[in-house]
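Peer 1: Handing you a structure now.
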């Protein structure tokens, strides 16, 4: 030990870490119910009203703006980084399961976003993971056509080798969880008996890779999308195709029913279009939008069933609201620089207060509902693209941080005093103003013994 440093202690620096606690919202809801008060469908534009934010399901039809996940909260990544093709939340919403191209499962906390565990799940890339409706089982598929069934504690109970000849693209459970359907690049869909793991039917009809499939949440109806630009509806009892839809000029990327009612079907394609159909009216087209970039992944909001989110090839994330009347074919919210590369997967927490996104930039990013008044809401690098090394560690690490606004921000323009507070490198540092003691009533000369 150096005698010159003997007796000295190393100074430790602390930083704030964002944590999401949904229990406070449920406590507030319980208080309102107990005292017979009505839920407010809006939040006052005042920071003190942040404590009044309720759970997403408490707002009903009027909570679209409140429940939209627009605020970047945390960035997570494994030590050994790989592309992340699939995400899913555990049924209770406490953890996020992340699948990687090297066949691993990793678990992340859904509140503090800490890393919890990692395991080797498949010998090749894990391409899809799906929980049953009851949450008692999970099925995963890999790039070598293998399917595996897991318990909630990630104890593997069954392996189905060569379930498909090519990469498994999608898995979806029936409403009763007694069966599930899988699709693959081998041009077919297969229906499996969950209790014994045996194949029941093969749904043939597509002429190219089947990229997506989904089982209706209430009915015996399966939808699939393929590289042959076709959307097909199937009867799982007979295994026959009941209808074929045209209308796209390129590969169908994703087809998803509404998670609860199932009345609407959303479809995205590589022809840069997104469409929503009403299956109650012979698949009438209700919504259509065309973009300048490819849509890569799609996810419905679990609570607000008129809201869905798409991830794009350029790394942006866009929220759409079908109940919007002013501009029905425009996104209600756009996060232009959500990721540095193509977005590969989106997953909402079952409660609906957090959204996780994955990308080919090998990171997982968590997004939460915005607050009533947030001066830095649209001044994050995910909105203005002012990213430097480790930019995500510097976002609001100090709970009292006040950062200079850009033209992308929504705060008031800086005052004249802050304009004169420039650093040598041309940047400006803004410090919060402290009220003078002389402004307090009865304290004209300040407090004795204290200097400000």
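Placement of Cβ uses the backbone N, Cα and C atoms for every residue, glycine included.
Quantities reported herein were computed from a predicted structural model and do not represent experimental measurements.
Feature list, courtesy of Swiss-Prot:
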- 79-118: repeat 'WD 1' (REPEAT)
- 121-160: repeat 'WD 2' (REPEAT)
- 163-202: repeat 'WD 3' (REPEAT)
- 205-244: repeat 'WD 4' (REPEAT)
- 247-287: repeat 'WD 5' (REPEAT)
- 290-330: repeat 'WD 6' (REPEAT)
- 338-377: repeat 'WD 7' (REPEAT)
- 409-452: region 'Disordered' (REGION)
- 416-426: compositional bias 'Polar residues' (COMPBIAS)
- 443-452: compositional bias 'Gly residues' (COMPBIAS)
Peer 1: Between the repeat 'WD 1' (79-118) and the stretches 163-202, 205-244, 290-330, 338-377, work out which stretch tops the count of Cβ pairs under 8 Å.
Peer 2: 338-377
Peer 1: In the same chain, which residue numbers or ranges, 6 or more beyond the ends of the repeat 'WD 4' (205-244), come under 8 angstroms Cβ to Cβ?
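Peer 2: Distant contacts of the repeat 'WD 4' (205-244): 133, 166, 169-175, 179-189, 191, 250-262, 265, 267, 269, 279, 283.
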Peer 1: Please list, for the repeat 'WD 2' (121-160), how many residues fall into helix, strand and coil according to DSSP.
Peer 2: 0 helix, 20 strand, 20 coil
Peer 1: Quick check on the repeat 'WD 3' (163-202): DSSP residue counts for helix, strand, coil, in that order please.
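Peer 2: Reading the DSSP string over the repeat 'WD 3' (163-202) gives 0 helix, 23 strand, 17 coil.
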Peer 1: Taking only the residues in the repeat 'WD 7' (338-377), give me the average pLDDT of this model.
Peer 2: 90
